[in-house]
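Chemist: Before anything else, here's the structure in question.
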Amino acid sequence: SLWHSPELLSDIQDGYSVSGHLLVCFSSGYFIHDTLDIIFNHQSRSSWEYLVHHAMAISAFVSLIITGRFLVAAVLLLLVEVSNIFLTVRMLLKMSNVPSPALYEANKYINLVMYFAFRLAPQAYLTWYFLRYVEVQGQGAFLTANLLLLDAMILMYFSRLLRSDFFPSLRKGSAGRDVDGEKFLID
């Protein structure tokens, strides 16, 4: 969406494209489906952070779809999905106990770069933009509050990632680990 319509970046509040609108609609459907999957498969207790994140995303995206405002902000926020590729590869490598630590090491650094580029940077920019330019009432206030909560979650996940991959000596004790001694949502 941003590749084909870079002019959208000049109007975060009222910019519109059909592809961006469809992307937000599709992503809303994904978040709804994943939420229901977590609930129906009785994973709510171990995945409560995902449920909170999904509830925030669904409520924000539905408000964007209904009002037609801040669509570009949603598209920018969806850039985080690029970094999920490397987070998923990381998790799969940990779960599979791949004998080559070089592959895990390479992904560890790529993951860190992608986390900055596609998760922290867009989030920081949007937070700055909302705090500086968006009205603090109505939908603007709701989205700003959502953004600030998301900031806290992203920073918490980032600290966990750093502790696990770059500073393992700072990791907390083994309380809360699953049967295999690993809790991949945290580690």
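Cβ atoms here come from the backbone N, Cα and C positions, even for glycine.
Just so you know, TrEMBL annotations are computer predictions that nobody has curated.
Quick paste from TrEMBL:
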DOMAIN    1-170  domain 'TLC'
TRANSMEM  72-93  transmembrane segment
TRANSMEM  113-131  transmembrane segment
TRANSMEM  143-162  transmembrane segment
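Relative to the rest of the structure, where do these features sit?
Modeler: Beyond its flanks by at least six residues, the transmembrane segment (113-131) meets 12, 73, 76-77, 79-83, 85-87, 140, 143-144, 147-148, 150-151, 154, 158, 161 of its own chain at Cβ-Cβ distances under 8 Å.
If one looks beyond the transmembrane segment (143-162) by at least 6 residues along the same chain, the residues whose Cβ comes under 8 Å of a Cβ in the stretch are 49, 52-53, 56, 59-60, 63, 70, 73, 77, 80, 111-112, 115, 119-120, 123, 126-127, 130-131, 134, 136, 186-187.
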